[in-house]
């Protein structure tokens, strides 16, 4: 085999481009989710806080827009940017494991507010209603946001932002693969055959170029910034604003690797996303148990009873677990499956994840008890 330095350098630069862009969007997605959660936590709120409902809604809408832009070949020259926005930013902005934790806490009456105020459900059967309330609201809002985003991208952005028709194209071999769960090559090919491929207006091309270059350039400065802030500030920001973004980088790449490795094994069941969501839910149950579980049955002191340790666990919950799992890709994959396969995929994912929370967090809560964390 003849070594070609030109090809090798091209692949290396492509991988560096993917790494930097994906890292930037993972950091921004995690930080955005933290900000939206903090912004939506107020009294009296129509949507009970804290919740990731707003984050899931926003990420699914953006995912829908990007799907339409890519289907009409707007992103053909910016496939790395497309990967960063969909799998990176939208994946980090939304959270499957946090949704499952909300579902478990509300259905078992174990939210922080219920424990602090000694609030009880009329009877335990109302836990079923709470379970369905969280499940249906999250899924319906997320699916509705995805569909709205796709129509917004198709009927508004593509329809009014295209300058002309362009020639069909063949994606390069080093572009983003469809195994990540966020690329629909079948829809793209269908639009090409129907001569629906369009060229974005110069403004959008320039905008994509600027965002792509910024994401490429900001990766290492952002990493250095958050490392310095995390080391310097020892207050609540470590568990809420700085550490979660650093943990989110590793979680985002793990989720992408799982999707690349396992989604192609079964087209009717995206195994990679399933493994990422289930594993993240298992971890969030364990971390929540450590943070909120009573150290002794007779006291309200949690297992993690130092402030710094509590901040680290909080960062693992919101940063690593929140970014490792995703609703935007989960909903987008279900949208592209047949209705029966979608039901199977959603039911198995949610059912197994909820059972893992019952086994880990539930068993400890019902034997030793939960309390509010110290941070």
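Using the three backbone atoms N, Cα and C, a Cβ is placed for every residue, glycine included.
The feature N-linked glycosylation site is assigned by Swiss-Prot to 109, 117, 235, with sequence analysis given as support. Under the heading topological domain 'Cytoplasmic', Swiss-Prot lists 1-11, 56-79, 149-213, 263-268, 332-338, citing similarity to another entry as support. Per Swiss-Prot, topological domain 'Extracellular' is recorded for 101-127, 235-241, 290-310, 360-375. As annotated by Swiss-Prot, transmembrane segment applies to 12-32, 35-55, 80-100, 128-148, 214-234, 242-262, 269-289, 311-331, 339-359.
Distribution of Swiss-Prot features across the structure.
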residue: 109; record: N-linked glycosylation site; contacts (Cβ under 8 Å, 6+ apart): 119, 120, 121, 127, 130
residue: 117; record: N-linked glycosylation site; contacts (Cβ under 8 Å, 6+ apart): none
residue: 235; record: N-linked glycosylation site; contacts (Cβ under 8 Å, 6+ apart): none
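Each residue in the topological domain 'Cytoplasmic' (263-268) gets a DSSP state, and the totals come to 3 helix, 0 strand, 3 coil. Sequence-distant contacts of the transmembrane segment (35-55), counting only residues of its own chain at least 6 positions beyond either end whose CB sits under 8 Å from a CB of the stretch, comprise 93-95, 98-99, 102, 137-138, 141, 240, 318, 322, 327.
Counting Cβ pairs under 8 Å that are 6 or more residues apart, the transmembrane segment (214-234) and the transmembrane segment (269-289) reach fewer than 3 and are not in contact.
Across 12-32, 80-100, 128-148, 311-331, the stretch most heavily in contact with the transmembrane segment (242-262), judged by Cβ pairs under 8 Å, is 311-331. Just going by CB pairs under 8 A, the stretch in 80-100, 269-289, 311-331 that sits most against the transmembrane segment (12-32) is 80-100. Between the transmembrane segment (80-100) and the stretches 128-148, 269-289, 311-331, Cβ pairs under 8 Å are most numerous for 311-331. The secondary structure of residue 117 (N-linked glycosylation site), as reduced to three states from DSSP, is helical. Note: the topological domain 'Extracellular' (360-375) comprises 8 helix, 1 strand, 7 coil (DSSP; helix = H, G, I, strand = E, B). Mean pLDDT for the topological domain 'Extracellular' (235-241) in the predicted structure: 81. Outside the topological domain 'Extracellular' (101-127) by six or more residues, the chain places 51-52, 133-135, 138, 281, 284-285, 288, 292, 354, 357-358, 361-362, 365, 370-373 with a CB less than 8 A from a CB of the stretch.
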